[in-house]
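For 131-165, 166-196, 202-236, 237-271, 272-306, 307-341, 342-376, 377-411, 412-446, 447-481, 482-516, the entry in TrEMBL reads repeat 'PPR'.
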Amino acid sequence: MTRIITAEIFPQCSFFSNNLKPTSQSQKHNFVVRCSSNDHSKIKHRNNQRVKVSTHNRPAHVQSNDMKVLNWSCKVGKYDETLYLLECKMKSGYKPDVILCTKLIKGFCNSKNSDKAEKVMQILEQFGEPDVFAYNALISGFCKMNKIEAANKVLNRMKARGFPPDSVTYNILVGSLCDRGKLGLALKLLDQLKEENNCNPTVITYTILIEATILEGGIREAMKLLDEMLSRGLQPDMYTYNAIIRGMCREKMMNQAYEFVRSLPSKGCRPDVISYNILLRALLHKGKWSDGEKLVNEMFSAGCEPNVVTYSILMSALCRDGKLDEAINLLKIMMDKGLTPDTFTYDPLISAFCKGGRLDLAIKFLDYMISNGCLPDIVNYNTILSTMCKKGKADEAMEIFEKLGEIGCPPDVSTYNTLMSALWNNGGRARALRMISEMIEKGIDPDEITYNSLISCLCRDGMVDEALDLLGDMEGNGFPPTVITYNILLLGLCKAHRVDEAIEVLGEMVEKGRRPNETTYILLIEGIGFSGWRVQAMELASAIYQKNAISKESFQRLRKTFPVPDVYKDTTLSDAGK
């Protein structure tokens with residue numbers, strides 16, 4: 001594959017200097033201590049001040065009959081003001097403009113204000129003439145806010161008022177159901193759409209369903225949808241075909257994917273750079289460099305120029321294989337071609353430097369990105385921060401963390417998870433807890449890693465009761481504990497010699513459908529043994545081993561740890577031939 005990089009099709013060029021820009025000054029913040037929140041809303045940007053629309057809270061000189069003011073107010077995003085002006089005009093017999101109201105509905109939906117979006121529609125229905133575009137805007141907004149029931153109510157109201165849904169309406173609903181893992185309901189909706197007299201499925205409808213089916217039912221089921229689509233006289237576009245290629249690669253059907261790409265011209269479509277990128281990523285992920293080289297050459301022969309993503313895929317694969325020099329050389333070539341690297345291009349290089357222990361070079365690369373007009377994203381910063389924390393540089397990591405907001409790259413849940421664990425491990429328990437509170441106040445919802453990290457920290461410090469309480473909060477917030485979560489708790493309970501409670505937690509785990517793994521059993525056996533019940537521990541170990549729930553190596557290690565010969569005499573005899 002090296003030949004691809006050094007061939008004449010990739011001419012060499014000069015690279016960058018080491019004169020890198022220093023980082024900006026840090027900014028300190030004070031935070032309120034709060035470890036939990038009763039507000040489990042998924043809304044990221046919160047506004048606790050409710051805007052009351054009333055004629056008493058606006059100046060009397062507002063020219064409510066001025067359409068220019070209405071349109072301008074909506075255009076600049078002053079949706080509350082626009083709604084107020086609209087209500088004022090209603091009093092003078094004004095018939096609301098459907099285009100303006102549709103824009104207003106979209107504005108309120110984008111700001112996640114469903115009540116006011118609904119209010120605009122009610123005004124339009126009562127005093128004006130809504131159309132299918134207005135209804136689609138409201139249905140789409142409700143779907144994006146995960147208010148599927150409300151969206152269905154609007155759909156029914158739309159039909160009742162004599163506005164038959166069009167294909168866009170159905171595509172919105174189908175897409176929303178697929179996004180939420182409800183493929184079965186989406187397929188039923190497709191059947192309903194096929195029965196409509198004035199509305200038929202489109203290429204977009206089938207493409208949405210094909211993508212969802214690949215994830216839930218596999219590529220073969222998706223191919224059935226493709227066949228149905230063709231039988232209805234619909235011509236797939238490259239977005240549809242690329243979804244199929246992606247599905248084949250996902251199921252490691254590389255030969256079929258390769259042949260499918262080659263067959264596209266006969267289907268009336270020419271493979272695009274996305275098609276080749278999907279295939280190239282899958283090939284290089286499996287280490288098939290020679291096949292990757294053939295594909296790149298074929299790509300050039302087809303007159304398809306590599307883009308930034310193509311180079312990023314190649315660089316990522318080179319970094320993964322430890323070929324940093326070649327990856328940097330490819331970055332030079334890419335820039336010489338006139339392509340501008342983005343954050344995804346730089347991230348594998350930064351990650352490779354961090355994994356190789358060259359944090360200094362990773363930071364220099366980060367500064368180089370900035371100096372060349374490519375602002376790092378939070379993924380780039382998270383890579384640096386994680387490495388700093390692992391190297392015991394939590395204080396330096398905090399300095400970078402504190403200025404993320406001022407440089408326009410606010411931290412995400414991964415950032416908080418990294419810093420929280422690092423602070424706790426370095427004795428900053430109070431600061432770590434403040435970060436949890438700050439995270440919630442900023443509308444950043446904790447994820448499974450957040451809970452598991454905090455439960456682990458609590459158990460490690462002997463705060464097992466608090467960890468058990470957090471387990472309940474985790475479930476209440478929609479994150480079912482995994483086997484990893486339960487294993488962390490079992491370890492904490494066993495270390496605290498609370499074996500009876502550990503057994504209860506194991507029972508609860510099984511009741512909730514979480515299958516214990518080998519680590520689960522070993523933790524429990526060791527907990528029982530180290531609590532002084534060696535015979536009982538090895539009786540349990542012997543029984544579990546007979547059911548093949550733990551490996552022979554693990555069982556032998558437990559025998560050495562808790563030598564009680566009589567307990568597993570039968571097991572020893574039965575295993576003599578193994």
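For all residues, glycine too, the Cβ spot is worked out from N, Cα and C.
Unlike curated entries, TrEMBL annotations are predicted automatically.
Keep in mind that this is a model prediction, so the values were computed, not measured.
The average pLDDT the prediction assigns to the repeat 'PPR' (412-446) is 86. With helix defined as DSSP H, G or I and strand as E or B, the repeat 'PPR' (412-446) counts 26 helix, 0 strand, 9 coil.
According to DSSP, the secondary structure content of the repeat 'PPR' (447-481) in residues is 26 helix, 0 strand, 9 coil. Counting only same-chain residues 6+ beyond the ends of the repeat 'PPR' (202-236), those with a CB under 8 A from a CB of the stretch are 167, 170-171, 174-175, 178, 181, 183, 186-187, 190, 193, 243-244, 246-248, 250-251, 253, 267-269. In terms of DSSP secondary structure, the repeat 'PPR' (482-516) contains 26 helix, 0 strand, 9 coil. Note: the repeat 'PPR' (307-341) comprises 26 helix, 0 strand, 9 coil (DSSP; helix = H, G, I, strand = E, B).
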